[in-house]
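Structure, as structure tokens:
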Amino acid sequence: MTGLALNNGKAFIDGRLVKANILVEEGRIARISSGAITAEKEIDCSRKIVLPGAIDCHVHFRSPGFEQKESMVSGSLAAIHGGITTVMDMPNTSPKTVTLRDWEDKKALASRDCAVAFDAYMGMTGDNLGEIRMAAEKGLRAVKVYFGSSTGSMLFGDAGKLMELFLLSREKGFVVAVHAEDDAEISRNAEKFRGRKDAAVHAKIRTGEAEAKAISALTGLQEKAGNKLHIAHISSKDGLALVKKARKGRHGSAITCEVTPHHLFLDSRGYKKSGNLMKCNPSIKSPADREALWRGLKAGDIDIVATDHAPHTPEEKARGYWDCPSGIPGVETMMPLLLDSVARGKIPLGRVVEACCEKPAEIFGWKAKGFIREGLDADIIVVDMEKTWKVDNEKLFTRAGYSPFNGRKLKGFVENTIAGGQVFG
């Protein structure tokens, strides 16, 4: 007798919760049955729901080069405890992930140290299209373009080179994911508000207008190239409106976008209390922007929820506004925050599963993930929707050791995570 049985739960299969028992063998979902399953190990899922593990297409695990902030080990353990079983890591590490060798080296590091399924973006520098082409021939899923400056100094905005990248994306099929903020607009605003020292000024510097200008320019290029374009961490009602408009264009079906939990669950009213713990790029904006993002998520205009997990040390976040780096850790709290919203009736469970599991699998080509189906990878979470608990900085696994959601009471708890067939929790 071998394998792992998940018995007596309600599993999310084909768009709805159904009574089902699941057999896991050799890292795969071997069988789904209405009858009890006998196996070497068993998890009793009575009064629990069983969901696909989340796919987070936007993390910064800071390795190699910045392990004081996070590591593959700490980041992936944090992800597991938050119900995330697959991550895609951004290129602003040291060295930056801009060559085929660095891309392969980072994935090799992850294969040794990362407890969840892992893939890495390559970054665009303007002179590394040959490297990107070689990586694309070896299965590259996505390239990141920092159209606005952010942590890691990888700003790039040459329209001609971007068009070359977009055309290569169309030829090879990889996704171009963009940090969409207009750097000139940000620079003007930063000069205007240079005398301010409070964290709330961040939303006045990195405005919805800066986001909208960048999205307009990027979707204009995509309209000509016809490639897969993914707008990362959309943060404003104006930015979302432009994405919706671009989708009406000739190649609009190839445009996707994501929102982060911190843009959904925080707004500018929180700066007074949380200060630089809320400083991130793009900025957290007004209540009206936050509500527009919720409407977009519920309507399906926003495809994905992704964390943009971007930890820094507490000492860095304690600096003054102008010296404090931007970024918020999020892999431990994304699914719990969304499950709490399900419990409160704010969003249907099916929309959460679609945005956190199914759509990321489809958009980024994770063909064996995102769904509970026989033959797919055994990436599964067991959730107690009746359990209430509080986010506690002292219990976080991320090396950052803090969360802007510290102390928040939530309903819905990830009891077990099965990642590639291995049980945690």
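Even glycines carry a Cβ here, placed using N, Cα and C.
For the domain 'Amidohydrolase-related' (49-423), the model's pLDDT averages out at 97. The domain 'Amidohydrolase-related' annotation in TrEMBL covers 49-423.
DSSP classifies H58 (Zn(2+) 1 binding site) as strand under the three-state reduction. In sequence order, M88, M90, A177, A232, H233, E258, T260, A306, T307, D308, H309 are the residues near H58 (Zn(2+) 1 binding site), counting only same-chain partners six or more apart with C-beta under 8 A. According to TrEMBL, the feature Zn(2+) 1 binding site maps to H58, H60, K144, D308.
For H60, F61, R62, N92, H312, the entry in TrEMBL reads substrate binding site. In sequence order, K69, P325, G327, A400 are the residues of the chain that are 6 or more apart from H312 (substrate binding site) and have a CB within less than 8 Å of its CB.
What TrEMBL records for K144, H179, H233 is Zn(2+) 2 binding site.
Feature annotation from TrEMBL assigns N6-carboxylysine to K144.
Annotation source TrEMBL lists active site at D308. Mapped onto three states, the DSSP output places D308 (Zn(2+) 1 binding site) in coil.
Cα-Cα distance from N92 (substrate binding site) to H179 (Zn(2+) 2 binding site): 12 Å (rounded to the nearest whole number).
Taking CA atoms as the reference points, H179 (Zn(2+) 2 binding site) and K144 (Zn(2+) 1 binding site) are 8 Å apart. Taking Cβ-Cβ distances under 8 Å and a sequence gap of 6 or more within the same chain, the neighbours of F61 (substrate binding site) are E70, S71, M72, G75, S76, V87, D89, C114, H309.
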